[in-house]
Amino acid sequence: MKRIVILISGRGSNMEAIVHACRDQAWPAEVSAVVSNRPDAAGLTFAANHGIATAVVDHKAFGKGDAARAAFDQELARVIDSYAPDVVVLAGFMRILTPEFVQRYAGRLLNIHPSLLPSFPGLHTHERAIEAGCRVAGATVHLVTAELDHGPIVAQAVVPVLDGDNAQALAQRVLGLEHRMYPSAVRWMVCGELAISGNQVRHLGGEAQLFTL
Ligand SMILES: Nc1nc2c(c(=O)[nH]1)N[C@@H](CN(C=O)c1ccc(C(=O)N[C@@H](CCC(=O)O)C(=O)O)cc1)CN2
Ligand SMILES: NCC(=O)N[C@@H]1O[C@H](COP(=O)([O-])[O-])[C@@H](O)[C@H]1O
């Protein structure tokens, strides 16, 4: 039984989708814990109500600056490792992780980013896509590397940007596909079905790595 630890910072809707898929599709895996950097993360309540261990490592307790970020990551890794994960999943997790943390979980650390990488890394992605006049937008599941939002792409979801869209409307349209795409990508990693060669990631079973409405 493979073990998954999911990191969240807020509502955790992607975490919920993964928990439901893992249980409903009887993956050879379990979500062993949900860990947040914010004590008020709504997703912690969902996890606890579904019998999943939860933990908080409050980044604000460590202060600001490089030393604080490193100390936070060290404590975060200690807590994560107490659940002995095979795969670590970032799901709406809003902290930039240190190279040391990323190296600890290299090759088994996933993130979902709300843009079509390499376009729009960082924050406020939907606002930026609309401002740029994009006609398509979406989300990307990628392996996490030290460089922010830059790791090998596992899957992408694409939606149209409609006339009159604001960031909230676009985010909602993308989120629906995220909830289909991320569980598939996590399952592929858990089941050892990904072939990774440099920046190229291929699903060995031939499942589509592009998700559309
Ligand atoms: N080393 C890496 N760390 C993280 C990655 C990554 O690819 N490499 N992905 C991010 C997730 N993410 C976008 O998908 C992201 C998260 C957070 C930020 C950011 O600027 N965070 C600020 C705080 C912002 C806030 O609290 O609202 C910070 O950490 O100072 C950018 C992108 C997860 N980590
Ligand atoms: N930089 C990471 C990031 O912005 N992630 C994004 O946070 C949203 C809320 O996720 P959630 O409902 O799963 O918490 C999702 O759209 C996800 O792509």
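The backbone N, Cα and C atoms fix where each Cβ goes, glycine too.
Whatever TrEMBL says is automated annotation, not expert-curated.
For 2-186, the entry in TrEMBL reads domain 'Formyl transferase N-terminal'.
Take the CB of Gly12 (N(1)-(5-phospho-beta-D-ribosyl)glycinamide binding site) and look out to 10 A: across all protein chains shown you find 25 other CB atoms. What TrEMBL records for Gly12, Ser13, Asn14 is N(1)-(5-phospho-beta-D-ribosyl)glycinamide binding site.
The 10 Å shell around the Cβ of Ile96 ((6R)-10-formyltetrahydrofolate binding site) contains 13 further Cβ atoms across the protein chains shown. Annotation source TrEMBL lists (6R)-10-formyltetrahydrofolate binding site at Arg69, Met94, Arg95, Ile96, Leu97, Asn111.
Annotation source TrEMBL lists active site, proton donor at His113. Sequence-distant contacts of His113 (active site, proton donor), defined by Cβ-Cβ distance under 8 angstroms and a gap of at least six in the same chain, are Pro121, Thr125, Ala139, Thr140, Val141, His142, Asp149.
Asp149 (site 'Raises pKa of active site His') falls outside any helix or strand according to DSSP and counts as coil. Using a 10 Å radius centred on the Cβ of Asp149 (site 'Raises pKa of active site His') and all shown protein chains, the other Cβ atoms total 19. Marked as site 'Raises pKa of active site His' by TrEMBL: Asp149.
Of all residue pairs in the (6R)-10-formyltetrahydrofolate-binding list (Arg69, Met94, Arg95, Ile96, Leu97, Asn111), the one with the greatest Cα separation is 19 Å apart.
Taking Cβ-Cβ distances under 8 Å and a sequence gap of 6 or more within the same chain, the neighbours of Asn14 (N(1)-(5-phospho-beta-D-ribosyl)glycinamide binding site) are Ala91, Gly92, Ile112, Glu178, His179, Tyr182. Candidate binding-site residues: Gly12, Ser13, Asn14, Arg69, Met94. Those with a Cβ under 6 Å from ligand 1, in sequence order, are Met94.
In this view, the densest Cβ surroundings among the binding-site residues Met94, Leu97 belong to Leu97, judged by other Cβ atoms lying within 10 Å.
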